[in-house]
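Visitor: Pulled these features from TrEMBL for this protein:
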ACT_SITE  Glu217  active site
BINDING   His216, His220, His226  Zn(2+) binding site
DOMAIN    125-319  domain 'Peptidase M12A'
SIGNAL    1-29  signal peptide
Amino acid sequence: MKRKLIGLSQMFFVVCFTIFCIQFQTTYAKATGTKGEDGGHLIRDDRELFMEIADEWDSTWGSPYNYEKREEVQNDLKEEKRYVDVDNAEKRKRNIPKAGELFEGDIVMDETLRSIVLGEDTKRDAVKDKSYQWPGGYVPYVLDDELDDDVLASFHEAVQDFDSYTCVKFRPRKFEEDYLYIFPNESKCYSSVGRHGGKQMISLGMGCSKKGIIIHELMHSLGFVHEHSRSDRDKYVKILYDNIQEGLEHNFEKFSIRLVDHLGVSYDYDSVLHYRNSAFSKNGQDTIRSISNPRRRFGQREGFSKHDIEQINRLYNCKSELNDKSLMDDIMYD
């Protein structure tokens, strides 16, 4: 009898251990991925898990926006980046980002832009200044070997859209001294405003694979700032400061009309450069709201609006500005 009981106990242990191993392998496979029989594509890995939530990412600064970790994420932002407090003149020089740091989430600060934000440079125009433009609308670039395949595919689609709708040409660098270097800095998306000379960095990390996000950053590199920063924005949108995360209110300031020219193009809710309704929200509610239609949603990252194209063509004096109406009919946003 004792031997029989011992045998049953051993069998029970073996069964339990086998079940545990199966469950562990299943869980491990979901978390880390397992290769197929041919040793090829991962059945389940972190990248696939990311793609399931990709649409929930906030492209304002190219980082995941998880309301459960909202305070942690935004505290990290405040620690890593110094934002501008343009309401208080005494604090401006202390809080404004230095050259090389981020401003408005995805714009790399430089000394000229810094003087514009401070109001020290009242003659320079952040958009129309020729020194900010790429001569002839020709923009050489180099692609880092570490860029994600999806980012690369969307980058080439974005370049094709510039070819189709504007006279600006992004082309692989040959020997040019001034060029864009496209690389992945973790999940971050950012660019400088305009041409700065030499090797100019644009980050297109893992969270930057949408074509519209890439167009957004490339438009910054051409010399454009965010749509909500326009001097006339208060006629069109209301900033809901009570819903903005404390310490990040300065991301909603506007440039003086003396400093940034909107080139005679009307305010564009559909611009790929417009913040989304809930950008930098502390509670998931709107931080920007349309005055004429409070329910209107904006901040799309699908591609150009017609006004985006119009501004690029005006800034770079494209001779064929909006001539091909059949092409313009393909643009989703009027």
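Glycine is treated like the rest: Cβ placed from N, Cα and C.
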Visitor: With the cut-off set at 10 Å between Cβ atoms, which of these binding-site residues ends up with the most neighbours? Options: His216, His220, His226.
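Guide: Counting Cβ neighbours within 10 Å, the top one is His216.
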Visitor: Among all protein chains shown, how many Cβ atoms are found within 10 Å of the Cβ of Glu217 (active site), not counting that one?
Guide: 27
